[in-house]
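One structure is given below, encoded as C-alpha cells.
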C-alpha cells in the first residue's frame, strides 16, 4: 500500500483521488489546498459535471475529510515546504497544482517529509515517464519525476508501437482538445496568448502544445521527428489526436491496424485500446486507457504516408496513469531498500 498526499485539489487532483480509490495499492491520506476549505472540498468531490456524482460516502468530520469511511488529513499551506507530509508517513506526493512543475519548486515537498514527488504535468527539467514507453529508464534515486501531459501520454505509446514496427521518419500532430480550467468563458485579457484569451464556449482556438516534442524526451529515437499544435474546442472532456506520419517501411493500413490491435492485447494492454466502432468523443468520458485507436477514422495516402486517429479522456485516462506511475515508482523504490 502506497500512502499518498495530493497537493492541489483541482480537476486533476480530484480525478487522481477518484482513480486512487479504484486502485487497491494506493491510499490517499492527505490533501493540501490553500484555496479550498474542508466543507467546499466535500462538495467538490461529491459533485462533478463531467464524471458524475461520487457514488461513495464523503463528509467533513473532526477537521478531516472522510471518504469511504477513511480519514484524509487536510492542509491549507501555500508553500510546499510548509506541508507536514512526513507527519503520518505520506511518502509520495502528487503535485497537481500546475504551479510547482520544476525540480527546484517541487523539491519543497521533500522538506515537509515527502520522499518522492510525481508532477501531474510536463516539466522543464524533471525526468518524464510515460507508462508503456520508458519505464526502463526509471531510477529510484529520482526524488522528483513527471508524468508528462495527457496528450503526450496518448501520443507516445502509439508512436512507439508504430516506430518500433515500421520506423517513423517524421510526423505532425494536431490535438483537438477539450476545454481546460485555464481558458476563459468570455473574452478577457491574456497577454502571452491573445487567442487564448477568447471565449471558449463559442470558438475553436488554435494553440501551441509541447506534447509532440516531449515524445522525443520519452522516446529518444523520435527526438526532433515530431511536432504539433492544439485546437481548443468547446467540449468539456475527451480529446482526440490526428497524427500524420511518414514511415520508413511501407505498410498497408490493414497492417497498421493489426499491429496496433496486437499491441493493445499484449504489452500495451490497458494503455492502448483498439476500436472499430462508430464512436464520438462522449463515448470515452471516464475511459481509463491512455490511447484509444480509432481504426475506422484513419486514412492512408500511400504505403509510407498515413493519418492515425486516437482518442483520450484527458482527465480520467491521464489520472489513471498518474496512479499507475505512483505504484510503479513505489514498487521499484521498495526493491532498493
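Yeah, the Cβs are placed from backbone N, Cα and C, and that goes for glycine too.
Within its own chain, residue 150 (active site, nucleophile) has 239, 312, 314, 315, 317, 318 as residues 6 or more apart in sequence whose C-beta sits under 8 angstroms from its own. The feature active site, nucleophile is assigned by Swiss-Prot to 150, with sequence analysis given as support.
Swiss-Prot lists 11, 12, 33, 78, 314 with the feature NAD(+) binding site. Annotation for residue 12 (NAD(+) binding site): spatial neighbours 96, 120, 315, 318, 319, 322, criterion Cβ-Cβ under 8 Å with sequence separation of six or more.
Per Swiss-Prot, D-glyceraldehyde 3-phosphate binding site is recorded for 149, 150, 151, 180, 209, 210, 232, and the stated evidence type is similarity to another entry. Residue 209 (D-glyceraldehyde 3-phosphate binding site) counts 22 other C-beta atoms within 10 Å of its own C-beta, drawing on all protein chains shown.
If you look up Swiss-Prot, you'll see 177 marked as site 'Activates thiol group during catalysis'. Every protein chain shown contributes to the tally, and the Cβ of residue 177 (site 'Activates thiol group during catalysis') ends up with 23 other Cβ atoms within 10 Å. Secondary structure from DSSP puts residue 177 (site 'Activates thiol group during catalysis') in a beta strand.
Between the binding-site residues 11, 232, 232 has the most other Cβ atoms inside 10 Å of its own Cβ, all protein chains included. Within 10 Å (C-alpha to C-alpha) of residue 232 (D-glyceraldehyde 3-phosphate binding site) lie the following recorded positions from 11, 78, 177: 177. DSSP classifies residue 232 (D-glyceraldehyde 3-phosphate binding site) as strand under the three-state reduction. Put simply, 11 is the one of the binding-site residues 11, 33, 78 whose Cα lies nearest to the Cα of residue 180 (D-glyceraldehyde 3-phosphate binding site). The separation of residue 177 (site 'Activates thiol group during catalysis') from residue 209 (D-glyceraldehyde 3-phosphate binding site), Cα to Cα, is 10 Å.
For the pair residue 177 (site 'Activates thiol group during catalysis') and residue 210 (D-glyceraldehyde 3-phosphate binding site), the Cα-Cα distance reads 13 Å.
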